[in-house]
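*Asks:* Below: one structure in structure tokens.
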Ligand code: AHM
Ligand code: MG
């Protein structure tokens, strides 16, 4: 991984990617630029905090019955509006909306579908802790007249791009189009995204893990076994002490893992045997799995590679184990043995 690269803008970087790799079409490049512009606007709204009257609850619930924060709703609208007229999408889907959002007839339609979690880490909005936006881009099926929900139900391996923005001490945008992972930092004075990390690689080994340990009593045996080993520290099979980090914003936890390794887990548990975890396959797990794999890490739902799961519903949930390869492989092995 190289840092402090000479100033290369997102636009310049994408143009060069387009020339180098035939996976990046001009349309995809422009689509990513629209999303990046929307993230800039969201970053601005987040940064205003109480001064922008954007804090607190919006007084509504989303499709999963969760209370929506004003910033959840604002971020969703910013992404919809920016991408509607861009001309690169056939339809969008959002964690905050029950069904897909078609591009209005007054705008031209493009060949891509996009899914997003407009503001991940909702419980951290009001307490000034890092939050972010996650997005995933798919190709719309060819010859499709008007997209349906079914058209979005493609496995993660079909993603043509994925990324996230973190609104933290700095605003960063992390992106993959299937040719490695790169990070851009928002230059707030210039209003531009500048390449700051190239070809990010997640170390295969780690001594850091992220899990909401308050759910420990509900975990299934493979997770109990794995975390039990980590807690044994030096006396355990790894012979080293492990440290916990849990931000409760997946974007921020994944960003840390991209930078210095680690394993992030949100397992299914015995409280609701029919619910396979908390996180959403299409808006959170698939885009993050694509990014993590492109950075040399791994991502599974326990027994299976996340990106190979055939989705059956837009808002489907999934268990998530991702990050440093050797640790993800170990916990995945425990699930396969069970
Ligand atoms: P959200 O999309 O409604 O913000 O929910 C997803 C978030 C993740 O960012 C985070 O990893 C997890 O929920 C935190 O859950 P918990 O509150 O159980 O710690
Ligand atoms: Mg989320």
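Each position is counted from 1, following the chain as shown.
Every residue gets a Cβ built from N, Cα and C, even glycine.
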*Asks:* Have a look through 95, 96, 98, 111 and flag the one TrEMBL assigns to the Mg(2+) 1 site that 117, 119 belong to.
*Replies:* 95
*Asks:* TrEMBL has 117, 120 binding Mg(2+) 2. Which one of 232, 272, 284, 293 is in the same site?
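*Replies:* Of the residues offered, the record points to 284.
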*Asks:* For the substrate site that TrEMBL describes with 120, 121, 122, 123, 278, which of these is also annotated: 22, 199, 212?
*Replies:* 212
*Asks:* Would you kindly give the Cα-Cα distance separating residue 284 (Mg(2+) 2 binding site) and residue 117 (Mg(2+) 1 binding site), rounded to the nearest Å?
*Replies:* 7
*Asks:* With DSSP assignments reduced to helix, strand and coil, which class does residue 120 (Mg(2+) 2 binding site) get?
*Replies:* strand
*Asks:* Can you give me the average pLDDT across the domain 'Fructose-1-6-bisphosphatase class I N-terminal' (9-197), rounded to a whole number?
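*Replies:* For the domain 'Fructose-1-6-bisphosphatase class I N-terminal' (9-197), the model's average pLDDT rounds to 92.
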*Asks:* Of all the binding-site residues here, 122, 123, 212, which one's CB has the most other CB atoms within 10 A?
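*Replies:* By the 10 Å Cβ neighbour count, 122 comes out on top.
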*Asks:* Less than 6 Å between Cβ and the nearest atom of ligand 2 is the rule; apply it to the binding-site residues 120, 122, 278, 284.
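*Replies:* Near ligand 2, sequence order: 120, 284.
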*Asks:* Quick check: with 117, 120, 284 left out, which same-chain residues have Cβ atoms within 8 Å of the centroid of the Mg(2+) 2 site Cβ atoms?
*Replies:* 95, 116, 121, 132, 133, 134, 164, 250, 251, 279, 280, 283
*Asks:* Under 8 Å Cβ-Cβ from residue 278 (substrate binding site), six or more apart in the same chain: what's there?
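*Replies:* The list for residue 278 (substrate binding site) reads 266, 317, given in order along the sequence.
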